[in-house]
Amino acid sequence: MGMRIKLQSTNHPNNLLKELNKCRLSETMCDVTIVVGSRSFPAHKAVLACAAGYFQNLFLNTGLDAARTYVVDFITPANFEKVLSFVYTSELFTDLINVGVIYEVAERLGMEDLLQACHSTFPDLESTARAKPLTSTSESHSGTLSCPSAEPAHPLGELRGGGDYLGADRNYVLPSDAGGSYKEEEKNVASDANHSLHLPQPPPPPPKTEDHDTPAPFTSIPSMMTQPLLGTVSTGIQTSTSSCQPYKVQSNGDFSKNSFLTPDNAVDITTGTNSCLSNSEHSKDPGFGQMDELQLEDLGDDDLQFEDPAEDIGTTEEVIELSDDSEDELAFGENDNRENKAMPCQVCKKVLEPNIQLIRQHARDHVDLLTGNCKVCETHFQDRNSRVTHVLSHIGIFLFSCDMCETKFFTQWQLTLHRRDGIFENNIIVHPNDPLPGKLGLFSGAASPELKCAACGKVLAKDFHVVRGHILDHLNLKGQACSVCDQRHLNLCSLMWHTLSHLGISVFSCSVCANSFVDWHLLEKHMAVHQSLEDALFHCRLCSQSFKSEAAYRYHVSQHKCNSGLDARPGFGLQHPALQKRKLPAEEFLGEELALQGQPGNSKYSCKVCGKRFAHTSEFNYHRRIHTGEKPYQCKVCHKFFRGRSTIKCHLKTHSGALMYRCTVCGHYSSTLNLMSKHVGVHKGSLPPDFTIEQTFMYIIHSKEADKNPDS
């Protein structure tokens, strides 16, 4: 045999990553799409599976015939973009205050390299981890498969020891056995469990068995979670029947620029199972004790200071998701034809026609009518609409999409808030009660059946989809920049609206359902549908006053009854018999609140959904947000959303102890508002002219109503 020559390139790994990153940015050969909040990230399934144990577990658990789209909802889009950039470039840039959040995300995703990068940058993290002796080498072994355990008996130090992400819970197959079948090893796990030994060196390879051609279903093996198995591959995939508890959902009623959901549950909507990593309360590290997140939904009533003990809000079972709370709002989307083909339910695989009412009816089949729990993840809800909206996330069928950027949403309420997020001069929001004839002159070429692009002079048909298609011609999608002025934008929707400004065309958007129009006649017909529902539905026969809310109407009639003894039956004054069967939207809360506030001495507020009564407005508003899913307070550190001001203040104390108020001039932190006010006095003469003390709050208020009670 002649001389053997070894040819090796040190640049090959880096060049390979660069090419993969180019393919990702240009969406070339991408076989999976990760949906985080309102953004979609195309990627390569093999790259994600090799870089993060969470994705490896997720892809193997869903099977080969699963959909290409997966939802990751325990991370913000901005942070996931940074993590994805690290996967493809091995580099990550973030603020110092965000390191703790990135570190926790790396733990939940199972990204060993990112954890090591955090340890190398902050040596204190390495010293706080109670490292265990490794039982196997990490980089020389391949063909690994793991399941993160949710058992609290494993301290985080064991999971971070050395170069192994999951410590003793993650075991490796020797290189000679890397080509073995995963299904084969899974069947041998149970038989090898009784023969596993703790050895100080890598174990011998497991015995070979006959090959199995038929794939075996993934099963949960709770007994394997209590002890590490050496010489085998731990394959206890977590399902809804395992001991892995579903994560809390952190949903909000208003959305930031980059996200509309920041939940803490790792529920894969493509399968309806909980493929979740170890819970955050089971993965606390003393080194990051000050940055640990506090699940404020688990606080007792005394901690909230104003909560009614009868509400049981502090129970760990309660998970409130975004809900439109109105059956009528969904009716507007039936004619939109957003989904032109039947889609399978990701829970039971039943093929569902693209009809909103049928899909919602099918969602009720996955709700236990006796207990009010979700049959998929056993989450409990108090009201029916929240249950249905929650189950829609398991079904995995997006019912609504943005006309401009085609971002998918589960509810119309989420879509409407997404469109309200950006303010653009060429996007004119039209309300149902606005006079349309006065806006006729704002339409580009109102008297002409065609439109003309001001950027290139091309003649376009007066159709929004044609205009949208032409906008893409003036975009640099790869660089996410405008081809006319080279301005870059963080998200596609704002970029497309910006590019539309160069075209000289105005688009009118419906304030109710976010539909867009460039033809005045179509807009007029569409708004007529909303105007018929926006008209006053309740009329008083005594004084000719009109009301949109049944609660406000009934209270008004009760005043007549007190004064003149007239009949005030519940149906008195109804002009439309169909209203007896009509379910009122969520505005019934607001109508009742306003009616009761207007009367001095009245200290009771009654919820029309559950019948509970409250003595103060703050209590009633907090309770109302439970039914609507609104969380108007957002933490500036970890971007989580909360219902009340008291809860966000308690949460801020978990970030380094006293991140309550931050000076906008020098960045100084204060624990109380009085201390911050005194500190601001030092900067007299250098403060901006529009400075207000509210700018120092370490939380964002997304609701004007919630801003009525500022800090004192």
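Cβ atoms are placed via backbone N, Cα and C, with glycine included.
Of the candidates Lys18, Lys375, Lys439, Lys581, Swiss-Prot records SUMO2 cross-link for Lys439; the remaining residues carry no such annotation there, which does not rule it out for them. Feature annotation from Swiss-Prot across Lys183, Lys208, Lys284, Lys708 places SUMO2 cross-link at Lys183. Per Swiss-Prot, the listed range annotated as zinc finger is 661-683 (candidates: 63-85, 109-131, 339-361, 661-683).
Zinc finger is the annotation Swiss-Prot gives to one range among 214-236, 444-466, 605-627, and that range is 605-627. Secondary structure of the zinc finger (661-683) per DSSP (helix as H, G, I; strand as E, B; remaining residues coil): 11 helix, 4 strand, 8 coil.
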